[in-house]
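Q: Sharing a structure below in structure tokens format, with a few things to ask.
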Ligand code: ATP
Ligand code: MG
């Protein structure tokens, strides 16, 4: 026998059983973002490797060790996108979306990172992302946080998430802080692991992201970025907190919060849950006022966030919030030779008259009992029964699968009755 070919490690199939929950989450997200007036963008999954190197930063985990990069047949260096911001900025610049305009954009789609697969961490995963260009106040930062809070509320998980915000200041602030940090860590170099020692020279701020508990012990006394914050950044954070207070959104200011991608400045935030163990960050975002210029565009301020959909789905399952509507309303059951043709014609007619109704024909024969069992299994609430008698009289039996009641209607009138039910 031929060997079975398996999916790539860390990349999973979303099977029919799971898709309705995904659809529900995506629908909630799309409906909510629509009510804020944001516009969807669809951008390529493959970009030039160079784009991510320049946007995310050479010395980040993502660029150093997590990218799916390859050469195409024309020897171009390409990468499967590990995140959506870089491509979004590239597209905005390339298509002149930023020329004296503001933009409020969103996207949903797969991202790829070569990470160690585990619960909540995959090599192909999906993000909902929002990117806003041309607005520099803390009000828009607050609105992005409000949008994410709105999504938690609608999904029923708002009691299980918490918000952390921080300001990481300007580039100059981070330079000053970096000098102080390097000198502090050099004094404690014995405590650092190899990874952190390397980060000490490349990107010392990333040491704060370490998962090594020994290194974490010396983080408490390390110079804190907040001591170096410029007045503008301080005021921006105060402004953000004011808007969040007014919106009734609880948060903590975590002065140790830094983000894994280099492009952020000023506001950074994360939504965290304790229901998922160590993969607890549901959503992260912040300002990136320098990125557009860094990628060759005209200086344009920007802010955005991305949330991981797999983690959201895991959370809904954990909290048993997986109720979804069944995908079939009406199941058409047939007995006898001639009824199949009529059953398919009836389905066509009903779909025309009642476009919202989800109708499934039974195709695999078998006893009446077997067919009704199948109707139950697909979640239908009504069975339409076409036997020899019904074909002769051009009628149909309507069986309510919830209370068992049965009524007979003419085939041409049954849509009217079903319309009443679906209302
Ligand atoms: P983490 O610290 O968990 O690695 P991150 O800082 O790398 O997260 P971001 O780049 O900010 O994550 O991406 C935003 C969100 O996308 C995360 O909060 C998470 O929900 C989700 N995410 C990131 N990487 C993965 C992954 N490998 N698998 C599943 N979801 C992911
Ligand atoms: Mg990561």
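Numbering starts at 1 and runs along the chain as displayed.
Including glycine, each Cβ sits where the backbone N, Cα and C put it.
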Q: In TrEMBL, 83, 84, 85, 127, 131, 259, 263, 264 are given as binding L-histidine, so which of 71, 113, 116, 153 is in that site too?
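A: Record source TrEMBL; matching candidate: 113.
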Q: Counting every protein chain present, what is the number of Cβ atoms, excluding its own, within 10 Å of the Cβ of residue 85 (L-histidine binding site)?
A: 26
Q: Which binding-site residues of 85, 127, 264 contact ligand 1 in the sense of C-beta under 6 Å?
A: 127
Q: Highest CB neighbour count within 10 A among the binding-site residues 83, 127, 259, 264?
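A: Neighbour-count leader: 264.
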Q: When DSSP states are folded down to helix, strand and coil, where does residue 127 (L-histidine binding site) land?
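A: Where residue 127 (L-histidine binding site) sits, the three-state DSSP reduction gives strand.
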